[in-house]
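Heads up, the thing below is written out as structure tokens.
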Amino acid sequence: MQWLSVCSLLVLLSVLSRSQAQNQICTIFTEAKEDGFKSLILVGLAQNLPDSTLGDLVPLIAEALAMGVKCCSDTPPEDCERDVADLFQSAVCSSETLVEKNDLKMCCEKTAAERTHCFVDHKAKIPRDLSLKAELPAADQCEDFKKDHKAFVGRFIFKFSKSNPMLPPHVVLAIAKGYGEVLTTCCGEAEAQTCFDTKKATFQHAVMKRVAELRSLCIVHKKYGDRVVKAKKLVQYSQKMPQASFQEMGGMVDKIVATVAPCCSGDMVTCMKERKTLVDEVCADESVLSRAAGLSACCKEDAVHRGSCVEAMKPDPKPDGLSEHYDIHADIAAVCQTFTKTPDVAMGKLVYEISVRHPESSQQVILRFAKEAEQALLQCCDMEDHAECVKTALAGSDIDKKITDETDYYKKMCAAEAAVSDDSFEKSMMVYYTRIMPQASFDQLHMVSETVHDVLHACCKDEQGHFVLPCAEEKLTDAIDATCDDYDPSSINPHIAHCCNQSYSMRRHCILAIQPDTEFTPPELDASSFHMGPELCTKDSKDLLLSGKKLLYGVVRHKTTITEDHLKTISTKYHTMKEKCCAAEDQAACFTEEAPKLVSESAELVKV
């Protein structure tokens, strides 16, 4: 029974507060209810034992459920009160089969903190796979789903948890819930496959977005530390809950930041403990709940889904009497007094006051202004005439204008995206990014151009444009964070390396300021650089787009300052060749003859 009690404790105690009494399995068993209880256990097991089968885990989960009942009895077993991490690791290490099957021998030779670190590190090395591969057509999935809904969702949780061992359990369960909702909707439709294909694509995008946000936060924490994470979260939640005071928001954000390090390290026991403490304390504050409608609604969710609800909630209405604009100069004496004694408190108050007034702003715009304001306060607050000094220092910096200018920029990008086909816009992004970093591989630039297109396509759907700025800049910044972390920026070029090492809020602006790289020495532009044959006659739009992007990549790398007119000429010649050869009786022979001509003509154009 020790192993089974550990299975329960692994995840169930992981959502408990240290300040609560012992034997809290009973509390969570009651809060999460039976299905939530079993789901949490399944996530914890699958993430830590990726080479075990679902069949290996099912009987353990069933007995762990029985253990949960026993922990609610009048005489709970002693294992209900033992340390969860040590229990879990000891139980795993005592099973030779589990150790061998999951390659944990090295970890089990360690003890205490070293063993915990080894288990976390072992989990971190498991390959991630965010795709939601459909092994069966919609009709078969629907049949299985209708036959046994719980078993179907359980299989999804198992597979997704194994493929994503670093995702917090509450995120995995939110994703599983969403996938179940897709099937619930589509399995009642006459055209289930069409419905499934459409909704699955949307759902997959939402999954990628959520995971990108989590990963970006971890990257920011690793590179910039708690201070920047706290600033980001202060903006985010002040925008969502403008009715909360600065003091209330500050306390909440401190607790949020405390969860980041353990959650990003893969230490899900501590992660979920901290998250549970955070959500319980926030949801117990009746004063805040009475003023924050969105938070109040989320706190009515079950224990498993409350945290995800809070992260996804929309901004509440602003409080009555809140001025439209925040004027730092109106109370500069008090600002400087606070800044001199506790600069972080003063900067936090500034960020809060701007954020509650501007839910339409991105975090980055507010943080860019805050950085300028901080420099002004550093320069001026010790001076006798600090008020005039701050006015002079911030003369060219207006937060409202910054928000308007950035919003207008993205609206123009949206107009450009709407004016052309999806393929044309993605190709234009390929050209733009190849100009500034021709050293990058095709795969890298293909991903970047695809990401920019996907971000704008999603964010530009806000017809009024009220929230296009936070949507687009947040997602593009997440993409920059991932790119700078995935690749060695110095291997691309010094300009990209410089931007990746800029302050968090300035990275995107820095990249936009990069000019075409004229120092890059390109490879020879010849027919061997491109493979253009009968495969271009496919009707698969993705393959055609890929081929067109490869041609543009090769040409622009050869001359990063090539004109748009010359690119249009090459593109026209490419389509003419494609139409001619796809209509030819012997397509291969036609491409063999025409493709080298196109490359040769393109080479001549880039010399101009």
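Each Cβ is built from the backbone N, Cα and C atoms, and glycine gets one as well.
Summarising the annotation, Swiss-Prot assigns disulfide bond to C71-C80, C107-C118, C218-C264, C263-C271, C283-C299, C298-C309, C336-C381, C414-C460, C459-C471, C499-C510, C537-C582, C581-C590 (among others). The domain 'Albumin 1' annotation in Swiss-Prot covers 19-205 and is backed by sequence analysis. Taken from Swiss-Prot, the feature domain 'Albumin 2' covers 206-398. What Swiss-Prot lists as domain 'Albumin 3' is 402-600, and the listing cites sequence analysis. Look at Swiss-Prot and you will find N501 tagged as N-linked glycosylation site. Per Swiss-Prot, the feature signal peptide maps to 1-14.
Overlay of Swiss-Prot annotations on the structure.
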residue	record	DSSP (3 states)
C107	disulfide bond	helix
C118	disulfide bond	helix
C218	disulfide bond	helix
C263	disulfide bond	helix
C309	disulfide bond	helix
C414	disulfide bond	helix
C459	disulfide bond	helix
C471	disulfide bond	helix
C499	disulfide bond	helix
By Cα-Cα distance, the member of disulfide-bonded residues C283, C299, C309, C336 nearest C582 (disulfide bond):
C309
Drop a 10 Å sphere on every Cβ of the disulfide-bonded residues C71, C118, C460, C499 and tell me which sphere holds the fewest other Cβ atoms.
C118
I need the least crowded one of these recorded positions (C80, C263, C471, N501), counting other C-beta atoms within 10 angstroms of each C-beta.
N501
Which state, by DSSP, holds C336 (disulfide bond): helix, strand or coil?
helix
Cβ neighbour count (within 10 Å, all chains shown) around C299 (disulfide bond):
19
Using C-alpha atoms only, work out the spacing between C107 (disulfide bond) and C264 (disulfide bond) and round it to an integer in Å.
20
From C118, C218, C263, C271, C460: disulfide-bonded residues whose CA lies within 10 A of C298 (disulfide bond):
none
By CA distance, which of the recorded positions (C299, N501, C537, C581) lies nearest to C218 (disulfide bond)?
N501
I'm trying to understand the geometry here, so how far is the Cα atom of C537 (disulfide bond) from the Cα atom of C581 (disulfide bond), in Å to the nearest whole number?
8
With DSSP assignments reduced to helix, strand and coil, which class does C510 (disulfide bond) get?
helix
Sequence gap of 6 or more, C-beta under 8 Å: which same-chain residues meet both conditions with respect to C264 (disulfide bond)?
L217, C218, H221, K222
Please compare the disulfide-bonded residues C107, C381, C414, C537 by how many other CB atoms fall within 10 Å of each one's CB, and tell me which has the fewest.
C537
Please give me the CB contact count at 10 A for C298 (disulfide bond), counting all chains in the structure.
22
Including all protein chains shown, what's the count of other C-beta atoms within 10 A of the C-beta of C459 (disulfide bond)?
23
Pick the one among the disulfide-bonded residues C218, C283, C581, C582 whose Cβ has the fewest other Cβ atoms within 10 Å in this structure.
C582
